[in-house]
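Note sheet for the following structure.
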């Protein structure tokens, strides 16, 4: 039996053969997408999508083939997109100028041997994003399909590990975008903590506007990774600790600025969870990042890649110079840009084996870890009928399958991975190393 790992969908066959040796026999057989036919009974294409019945004919119709009324609708929609694009260009120009000024200041600070205050950058960024967000224009966003895909992933994660009556702690809860998802799971209490006060205020507004949420919600402004959670939650006696669930969605990478912060994050998780409780979340896939970095020669000073949707830029080539290995599992900073969402914010690589090792120290056992595309293909058959018609429409690609396509595929399906741990033992904090 072959001991080779499964080839990630984002890795070319040539690169896989180079790294693990060539394959022969049945392992080497492939099917050309051009020649293969999709049937309604096929389980999926392995690309983070699921085939469906022939329902894409309407989606692929040309404007010229449609009735006059429909053609007029397309023109109106096009004008709305043009107005939105113009407003977005102006907004992004202002935001980019501000971000460049901030990064320039931080570069000067680094030159003076002072550390970057990434927490402040992140706080300012998400405060700004909250202020400029206009939910009425959400459906016109150029990354609406990516947002739908990420929401589907979170629905699946929450449903897989959350039980009715659970108490949930979400670290980095943002504007409360998952409140309705947890309502569907039937939880009894939601505790959300975020470093951005503007995001917490927006989460309060969102919660007050929602109906039929029959669970208690506690929303708190606080630093989830830089200090003990006790500092943030002490003024809120209604919080019911320990929790059944701790969740971190698209934010744990900020904790990997230093080993101290990463350990504080895992300690906060471990101290907040019951034995048997689950810690799950979503993070950038360190193996995909390595794969991309490995393609750059040592002479390239600032490795960078991306497309029209996202861009990743490392500030130096220390990875390449260190024989294509990170010099440390912590502090491996890059800036991340995502169209209509994130404006060149500093983030940190989360080497998954480091996360797994830390989690083990704090009594957390790995249950599952999968790239988004693989997790989506595994879970979507259970969700096709559960999702609302609007959600299904939002997930449908131009070929009739479900998932993401084009540039959005790499930005979501390939760049991110899910994980889940279970607390199996109580962590005893040594007296001599207890943080203040």
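Cβ coordinates are placed from backbone N, Cα and C, and glycine is handled just like the others.
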Per Swiss-Prot, what member of 194, 238, 285, 323 joins 154, 172, 223, 249, 254 in binding S-adenosyl-L-methionine at one site?
194
Among 1-50, 51-100, find the range that Swiss-Prot records as region 'Disordered'.
1-50
For residue 416 (site 'mRNA cap binding'), write down the residues of its own chain that are at least 6 apart in sequence and whose Cβ falls under 8 Å from its Cβ; none is a fine answer.
150, 153, 250, 282, 283, 284, 285, 371, 372
For the recorded sites 206, 253, the one whose C-beta sees the most other C-beta atoms within 10 angstroms:
253
Among 154, 175, 181 [recorded positions], residue with fewest other Cβ within 10 Å:
181
Taking just the CA atoms, what is the gap between residue 194 (S-adenosyl-L-methionine binding site) and residue 181 (site 'mRNA cap binding') in Å?
18
Mean of pLDDT values spanning the domain 'mRNA cap 0 methyltransferase' (141-424):
96
Residue 181 (site 'mRNA cap binding') and residue 249 (S-adenosyl-L-methionine binding site), distance between Cα atoms, whole Å:
13
Position of peak Cβ density within 10 Å, selected from the recorded positions 194, 347:
194
